[in-house]
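Engineer: Next up is a structure, given as structure tokens.
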């Protein structure tokens, strides 16, 4: 069976919230993609509720693209502690952490409302009833209050 990098990570040693570069890959035509572990909560200590996580996912899909070109995907971990962020090109953890921080700041703001969350209607979402803007905002505030580190093992908050 193939080894999966994220299952090799010692989840007992990391200090969330953080952004970690998992790795870069070069395709057959020379295109580079980078994969990041965007960890919002401490593994095995907490988990973001599904409705809040779902709304964070939808909101960040747009907010991140407003701030940086080349995002391929921002997908939640099944453990509900964070997201995989896949980008075209080479990017640093610091660059991505700044984008994540800025995006969460907008999501947490009083000005950000349901009109700003994309894809929450029945024809746009496969589980449109399972969203919580209140939860997404509360988690965003908590993550921001703890600070986003550029290192998973040592707190280097941006």
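For all residues, glycine too, the Cβ spot is worked out from N, Cα and C.
Swiss-Prot feature annotations, pasted as is:
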type	residues	note
BINDING	54, 58, 125	Fe cation binding site
Engineer: Excluding 54, 58, 125, please set out which residues of the same chain place their CB within 8 Å of the center of the CB atoms of the Fe cation site, keeping sequence order.
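Structural biologist: Neighbours found: 55, 57, 117, 119, 120, 127, 128, 130, 131.
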Engineer: Only counting partners 6 or more residues apart, tell me which same-chain residues put their Cβ under 8 Å from the Cβ of residue 54 (Fe cation binding site).
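Structural biologist: Residue 54 (Fe cation binding site) has long-range Cβ partners 76, 127, 130, 131, 132.
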Engineer: Far apart in sequence but close in space: which same-chain residues, 6 or more away, have a Cβ under 8 Å from residue 58 (Fe cation binding site)?
Structural biologist: 117, 118, 119, 120, 125, 131
